[in-house]
Structure formats: C-alpha cells, structure tokens
Amino acid sequence: MDQEESHVISIFETLGAYFINIFYNFLYKNALYKKHSIVTEYQYQVKGYILGVKQNKKLYEKMLDSFYKYFCNITQINSKTLNFSNFVSTIVDSFIPKEYSQSISLEKKESILELLLCDYISNLGTFITTEKMLPFIIKNRKENYHKVTKEMQDYSLTFLLKKRMELYNKFLRKQAYVEPETELEETYARLSSYNRSLLHQIEELTSEKKSLLADLSTLRKKYEKRQSEYRRLVQLLYQQIQRSSTSKSSYPLTKFIETLPSEHFSNEEYQKETPADQKEVVETELLRKQELLTSQELTSKSPNNYPVPHSRTIVSKPSDNYPVPRSRTTKLDFDNSLQNQELHTKNGFSEKDIVEFSQDKPVFKQDKPEEENILANNQDNPEEEDILAIKQDKPEEEDILAIKQDKPEEEDILEFNQDKPEFKEAVLDIKENILEEENQDEPIVQNPFLENFWKPEQKTFNQSGLFEESSYFSNDWSGGDVTLNFS
C-alpha cells in the first residue's frame, strides 16, 4: 500500500470513528430516557438523526462543525493551521482525482461533501438497525463492544472506498468527453439540440393540422350538399302547397305550413327568392281564395240557392198565362205564383179583370185595419198614436216605387256616376251587347248547368177545376202555356 492510499484510509477511518460513536453511544443514551422499549426507541432515534441531517440545514451545519473539531483533535492538527475550507478540501480530495481538485471551487466541494455524508449516514444507520446488529448494540454491550465496533468500522471503510471508486469513474467519463472550446460554442450546441427538438414538434403539429383541415373540408362539403338538398325539398314542398291550395278539395294551407320547420323561412337564399312581406301577402291571398271557394262550394250545394238564368237559355217567348221569373226567385215563390193563378182561374177571373179591379181599389182594407186595432187596444198609450201619425207622413214602398218609375235604375246609376265617364261608357257597352244578343235569332241552347236543377211541374186540371199533379215530368220544358184538361 503506498503512502497516498494510507493517508486516504486514515481519513476514512477517522470519519467512520466519529459517526460510529454517535450511533453506538450518543443515540443509545437518548433511548434510555424514554418510557418505551429500548429497542423501539433506539430505532426511532436512528431514523430521526438521519432525517434531521438530510432535511434540517442547521442540524447538518452543527454536525459538520462538530466533526471538524473532532478531526482536528484526532489528527493533532491545530485548527489555526487547518481552517474549515481546508478541512472540506481535505475530505473531498480523498474521493476525487488530484487533477480535478484545483479546478473545482469551494462551493462545489461543500455540496459534494454534503452528498457524501448524507449518503454515508443513511447507509450506516440502516446497517446498525438490522436484526443482525441491533441485539448486540442493545444487550450485553460490554461483552460485545469490540466485536460490534469492529464490524461497524469494517462496513464504514468498505462503503467509503466504494464511494471513492464511483466518483473516480464519473470524473474519468467526464474527461473522455470532449468539451467545447469556448462558452459560446457550448451555448450554441445546447440551443441547436433544443432547436432540433422544437422543429420535430412543429413538423408533428403541422401534419396533424393538415389532417384536421382535410377532415374539416370533407365535413363542410357534406354539410353544403345536405343544405342544398334540404332547401330544394322545402321549396318543392312549398310549391306543392301553393298548387294544392287552389283546388277545391285542398287541405288548409296553414296546416301544411305548421308542419314545416322554422329554419325554412329564415334561409337566406329563400328570403332572396321570396321576401318575407311578399310571402305573407301570398299566404293571405291563398287563404282568402280558399275560404271563398269553400263558401261557394257550400252555397252551390244548398237547394234554396239555385241560380235562375236571365238570358234566353230556357224560355224563348214569355207566356200570358205563365209567369216568367225576372229575379233570383226560388222554387217556392214560383209555386206560390202558380197557385194564385190557378185559384183566379177557378173563380172565373182573368188577369185583366184582376188588374182593372185593383185599379179601382188599390188598397184592400180589412174589417178592422191594423191602425184602428192598435188605437182601440192602446187608447191609454198616446205614444203609439204619435207613432202612427208619424207613419202617415211617410210614403209607403208602393208610392216610392211609383215615384221611381220615371227614373230607371240604369239612369240613376249613370246620374250618380256623372263624374266617371269611363263608367258610363262601360255601362253603355254592356247595354248594347245585351240588345244585340236579344236581336239575334239564335237557337235555344239547353244550359248544362241546369241539368240537375229543379224542373216545373206540369199541372193537369180535372172537370171540377182543381189541379192534380202529374207523374210525368218533362226534361225539356220551354216555359210554354199550361195545358188545361177538362175531359
């Protein structure tokens, strides 16, 4: 063994002796003052000391200062000659190669020493608290003193030598690495490696972005295609609704519109084709037409509302004994006129006699007129007499019609519309067209509209003058005279 190695071993043995004394004597004395069992309490003391040195900075500095004093006493070196910094360098230099000792600063040496001591204390405490060593430390201490301390010193020296070899290898590996010549080159190499990693991340993100954009484009095309199909279907449906609303047996337009989604009416392209105001007007007009068609359909089905033609479609020449309807009369009014005419014929009166008789007595009075009955029954009510008096001042409808005989209806209309010459021209044109149609000798055309219309019943009178209904009805009745059968 050379002198250098002997110097290193002496330093390691001094280091081991200090900490073995702490574990074997100092911590054992602290465990004796506790109430728990000595074994358990000694284990707590060992663990507490290890954690305190590692985690508590003040406890570590106190421990290092105590070790510095112990080292000076053992080596018999004056503390003035060996200061604290030299002490740290002496301990650390025994673990690292000499060629690196001068290149390492004092701060780095202090950090290396702290790591070495914490690691050493942790391993030594673990070895002492094993089942092999713990009984010899607690029991029969005097008999086992030399044996236990020797084993602890051997373990301490072996661990420190092993640690020295590890540090040597680290420094040798570092020496094999070619360091940059300057600090700038080192910074450049570090930034270059970091830049390469960033470029790799950028490439990955770019490829991911491209894939996402491709997926987005595909989804957008699908969406536009579906949207166009949807708008086309909605427009076709709306056109179908408009066509169906014009038919008589159409479903109400509002029912179809309610089934449509609200997005259909808020579509931009659809709003351009049909604005909102125009669409509302169209819908309102369609609804009005639908209601009008429905009302006309119901009116046409009613038997009391059959129209009576005003032109020469059925009756070619008016008859003296058969009334020709001049207004929109019903079948009931027509039958009543027939009955009145038959009664007059039965009693031997003709139409001329009835007219002459009516001229002498224009008003037929009853035995008790309505006014006299009202006055007789309401003598105590003077208000009703006043009402009748007021009524006398008002001409009746017959007088009004007599006054208006000199002014036909057309003249009244033309007189009322003097300020509108175009209206007068339209009325005159219509009148001329009617006169031209009457003067033309056109054949009688059966109106197909009246195929299912009511047909006048043919009356047959017996010898007593009473009429009886015939079971035969003519489908081509032309409004001629009624046949009287007295056979």
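Heads up, the Cβ atoms here are built off N, Cα and C, so glycines get one too.
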(message) Quick check on the annotations: Swiss-Prot lists coiled coil for one of 76-115, 116-155, 196-235, 396-435. Which range is it?
(response) 196-235
(request) Look up region 'Disordered' in Swiss-Prot and report which of 263-293, 294-324, 449-479 it refers to. (result) 294-324
(request) Restricting to the coiled coil (196-235), report the mean pLDDT as a whole number. (result) 91
(request) In three-state terms from DSSP, label ASN195 (N-linked glycosylation site) for me. (result) helix
(request) Let me know how many other Cβ atoms fall within 10 Å of the Cβ of ASN195 (N-linked glycosylation site). (result) 10
(request) Tell me the Cβ neighbour count for ASN73 (N-linked glycosylation site), meaning other Cβ atoms within 10 Å of its Cβ, over all protein chains shown. (result) 11
